[in-house]
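Participant: What follows is a single structure, and I will ask about it in a moment.
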Number of protein chains: 2
Amino acid sequence: MSVPQNIGIKAIQVNIPRSYVTQDDLEETEISILGEESRTKIKGKFTKGLGQTALSFCTDHEDTASIAMSAVQKLMDTYGYKPTDFGRLEIGSETAIDRSKSIKSFVMQLFEENHSIMGVDNTNACYGGTAAFLNSLAWIESSQWDGRLALVVCADIAVYDDRAARPTGGCGAVAMVLGPDAPIVFEKGSLTNYFTHSFDFWKPNPANPHPKVDGPLSLTLYYECLENCYMQFRTRHPGTTLDKFDYVVFHTPFQNHIKKCTGRLNFLDQHQDNNDPEIIKTRSEHQTVSQQSHDAAQIFKDKVQPASLMSAMCGNGYTASLYMALSSLIFNRDLTGKRLMMFSYGSGAASSMYVLNVVGDIKFMKDALNLEERLANRVQRKVSDYDHDIKLADQLYRTAPYEPSCSLDLIESGAWYLEKIDDNWRRIYKRKE
Amino acid sequence: MSVPQNIGIKAIQVNIPRSYVTQDDLEETEISILGEESRTKIKGKFTKGLGQTALSFCTDHEDTASIAMSAVQKLMDTYGYKPTDFGRLEIGSETAIDRSKSIKSFVMQLFEENHSIMGVDNTNACYGGTAAFLNSLAWIESSQWDGRLALVVCADIAVYDDRAARPTGGCGAVAMVLGPDAPIVFEKGSLTNYFTHSFDFWKPNPANPHPKVDGPLSLTLYYECLENCYMQFRTRHPGTTLDKFDYVVFHTPFQNHIKKCTGRLNFLDQHQDNNDPEIIKTRSEHQTVSQQSHDAAQIFKDKVQPASLMSAMCGNGYTASLYMALSSLIFNRDLTGKRLMMFSYGSGAASSMYVLNVVGDIKFMKDALNLEERLANRVQRKVSDYDHDIKLADQLYRTAPYEPSCSLDLIESGAWYLEKIDDNWRRIYKRKE
C-alpha cells in the first residue's frame, strides 16, 4: 500500500429535516405572549439580533440515530458509495439516545454486509464531530489503516427549556467521507488545540433532556478558545493574519456570535504580541467586542458569511454546525484553490483550529448537496406545531413503549425514521419508501 | 522529528476504590434472603460459578470523574510524569456523569498549566477504552502528532438493578501512557475489528442509571465478535493458533465467561476453515461450549488466568476491564519477550483484537502497580454497606444539590473525590490530603 497523500474530505452530505419554523414567527409568538407593548423590544431580536432566519426541528419519528442514518443514506445515494467501501465509521454527538449503546452501533444497520468497520461515538458537547474527524484522519496516516475509507457523522438536535433560548436551537446531521487523494485536503501542521474545564453548557440532570447554559460564560469561553488556538497557530506560522485565508468557517451557535468572533480575530491581527494584556482584558467587554465586530464587518461579509446558509436556515446543529457551515460554503462558492480556516468549539470546553486546502474540483459536492432546492422543499410549520413536537420529543426521551404519532409525510422519501420504542426500550427504525 | 518507533504502552496505573465486598458474603446474603433451603443452589454460585472473589464499589464521594482523576493522579505520582508531558488525553467510559460535558473535561482539572491537550470521551459500552487506545496510537503515527505523549483513561462503575446480576458488578479505572520507544509495543498489522447492531446491554432509560441486559445474547454475541476477530486475524496471518501467543488477555465480565472464550478459541484452532458450519452451530450450544471450556482448562490456566487478579478481586470495570487484566498480568508474570493477544468487547456491539509485544524490561510497571499490597489495604465492607452505598449512588445520579454523606476515610490519601454537587448541578472535586 503506497503512503496516502492529500488526505481529506472526498464527499460531504447533510440531512435536512422537513420541519422548520421561521424566526419571524417565533418573534411574533413571543410578542403575542408578552403583549403588543413588547413589540419594539422583541421584533428583530431573533432575526436581526441573532442573525437567524429559521430553525429545523424533529418530529417524534426522528431522533439522533435516525438523522445520522439518513445523512449516511443520502451520502451513499448521492455519491454512489457502497457499505463495503468503509473501514471506519465514527460519530460525534451530544444528543445520545442511550448512555451505553453508541449511535454508531445504530448506524451499523446500514452496513449489514460489512462488520469490520471500527470507530465509536465521540462526546464533548459541540466538539465531538471534530474529534471524530481528526481521529479518522490520523487513522488513515497510521499503520492501522487498511486502505478503505472513513465515514464521519455529526448529528445533534438542539432544544432548550427556556423559551428565550429556543431561537438558538436547531438540528443538523452531516456525513463526510475521508480518504487519500481528496479534493479538500487537511493541511499538515495546521492543527492547534485548546481544552479546559468549565461549566458553560452541560446536561447533568437525567430527568431533563435539555442543557443547563451559562450563556455569557459560554460566549466568552468560545472567544478564549478561539483566540488561544489562533495565537498558537501564528506562533507556529509567523506572519499569520486573516489575509492568509480565503474563508473562515466557524462552529456557529448563531450568526451574530461569529460576527463577533471575526471581530476578535481581526483585533488579534492588530495585536501581534500574544502576551498583550489588551487581549484578555477586552474579551469580556461587551461594547468593545461589538465595536470590534463592527470594524470587521467587511471581513465577515467576504470570508465568513458565505458559509452561513445552513446555520441561518436550520439553526445550531451542535457537532454538525461547523460541517453544516462547510457544506454551505461548498454550495455557495467556487472553492478551487482556496484556503479555509476551520474552528471547532465544544463547551466544557474543547476546541481545535485547522486548515483545509481545496486542491481539486468539488462541483460534484455542490451538486450532491443541492441545498437551495432541498431547503425550499421543506415544510414551514407553525410555532404551535414546534411546541407540540418538542413536547413529544421529551416524551420520546423518557418513555417506553412509545409509538410516534407525527405524520410520516414529514419524513423525506428514502430517509430513516424511528418506527417505535418497544416495551423493552429497543428503538426500531425503518426506511421510508 | 524522527519517525516514531516501538509505539505502545510506556506506563499503566489503576485506581482501586477502598470499598469492597466478598462474593462469599454476597452468597450468604442471598441465602439469608431466599432461606436456608436455597443454600445448596446458591453456595458457590458467585465464587465457583462466576469464578469471582470480590467486587469493588464506590461511596457517594466517588463517581466516574473522580476515579478517572485518581487513576491519572496515581500514575503521575508513581511514574513521575508532569502535566506538560502530554499532548492528548482521551477517555473511554459508559458511566458518563453528564450527557454533554465530557469526563475528559473534568480530568483537565489536573492539567491547569497545559491547555493544548486534545481528545474527548469515547462511548460504546465496554469498548470505549480500546477506541481511545487505538485513536491515540494512530495519532502518534500521524502528522497531527506533536512529539508529546498520549494519556488514555478507562473508567466505569458497574451496578445492576437485578440482585441476581449484582455479583457481576464492579468498578475500575486505568490510566495508560502511550508513546514511542515503549517497552510494550502494539504489533503493526495485528488489528482486526468486528462491529454490529444489537440490544444485548444498553442504558436507554434516563430515570434508571442501570443497564438493561439480555445476558444470554450478550455472551453469545461476545463469542461471535471474538471468533470473527480471530478468524480475520488468522486469514491475515495463516498458521495462527493459540500457541503463537504467550498470553491471551480478555475483556472480562467475569472469570468463567473467559474460560469459555478460551474454549472457543481452542475449538477454532481445531476448525481452521472459517466457513465450517460447526463454528456458528456450536456457539449457542450451552453444553458444547462448557465441554470446550473444559477441554481448554490447561490453556486457560497457562495463558489466561495469570491476568485475572484485578477482575477476580474488583469485578467488572467495563471499559477498564481489559486493561485491569493487562495490569494484573504485568504484576503477576515476567513478560520480557512475551507476545500477548488482546481482545476488547463492548455490547451494542463493538470488538477489536490486537497483539502486544513486550520488548523491554517492565519491572518498573509491576512496582508502580503494587497490586497485592494495594488490594490488601482495602476495607472489606458488609453487604448492607454495599446496598446502602449503591442506593446513595442512585441519589447522586439524579439529585442536585447533593452533599455526599459517606466517610472520607473510605477515600485513599492523594485521591480525588466528589465534594458536592451544587444547586446548579455543578460537580465539585477535591483532592484528599
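FYI, residue positions are counted from 1 along the chain as it appears here.
Glycine is no exception: its Cβ is also placed from the backbone N, Cα and C atoms.
Any TrEMBL annotation is an automated prediction that lacks curation.
This is the feature table in TrEMBL:
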DOMAIN    B:4-183  domain 'Hydroxymethylglutaryl-coenzyme A synthase N-terminal'
ACT_SITE  B:Glu94  active site, proton donor/acceptor
ACT_SITE  B:Cys126  active site, acyl-thioester intermediate
DOMAIN    B:184-432  domain 'Hydroxymethylglutaryl-coenzyme A synthase C-terminal'
BINDING   B:Ser218, B:Lys260  CoA binding site
ACT_SITE  B:His251  active site, proton donor/acceptor
Participant: Under a criterion of Cβ-Cβ distance under 8 Å and sequence separation of at least 6, what residues of the same chain contact B:His251 (active site, proton donor/acceptor)?
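Facilitator: Those within reach of B:His251 (active site, proton donor/acceptor), by Cβ under 8 Å and sequence separation of 6 or more, are B:Cys126, B:Tyr127, B:Ser321, B:Leu322, B:Ala325, B:Phe343, B:Ser344, B:Tyr345, B:Gly346.
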Participant: Do you know the mean pLDDT across the domain 'Hydroxymethylglutaryl-coenzyme A synthase C-terminal' (B:184-432)?
Facilitator: 97
Participant: Which of the recorded positions B:Glu94, B:Ser218, B:His251, B:Lys260 have a Cβ lying under 8 Å from any Cβ of chain A?
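Facilitator: Correct list, in sequence order: B:Glu94.
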Participant: At a 10 Å cut-off from the C-beta of B:Cys126 (active site, acyl-thioester intermediate), count the other C-beta atoms across all protein chains.
Facilitator: 33
Participant: In sequence order, what residues of the same chain, 6+ apart, have a Cβ less than 8 Å from the Cβ of B:Lys260 (CoA binding site)?
Facilitator: B:Leu219, B:Tyr223, B:Val289, B:Ser290, B:Gln292, B:Ser293
Participant: State the Cα to Cα distance, in Å, between B:Glu94 (active site, proton donor/acceptor) and B:Ser218 (CoA binding site), rounded to an integer.
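Facilitator: B:Glu94 (active site, proton donor/acceptor) to B:Ser218 (CoA binding site), Cα-Cα distance: 16 Å.
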Participant: In DSSP terms, helix, strand or coil for B:Cys126 (active site, acyl-thioester intermediate)?
Facilitator: strand
Participant: Looking at the recorded positions B:Glu94, B:Ser218, which one has the fewest other Cβ atoms within 10 Å of its own Cβ?
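Facilitator: Sparsest of the recorded positions B:Glu94, B:Ser218 by Cβ contacts within 10 Å: B:Ser218.
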Participant: Which three-state DSSP class does B:Lys260 (CoA binding site) fall into?
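Facilitator: SS state of B:Lys260 (CoA binding site) = helix.
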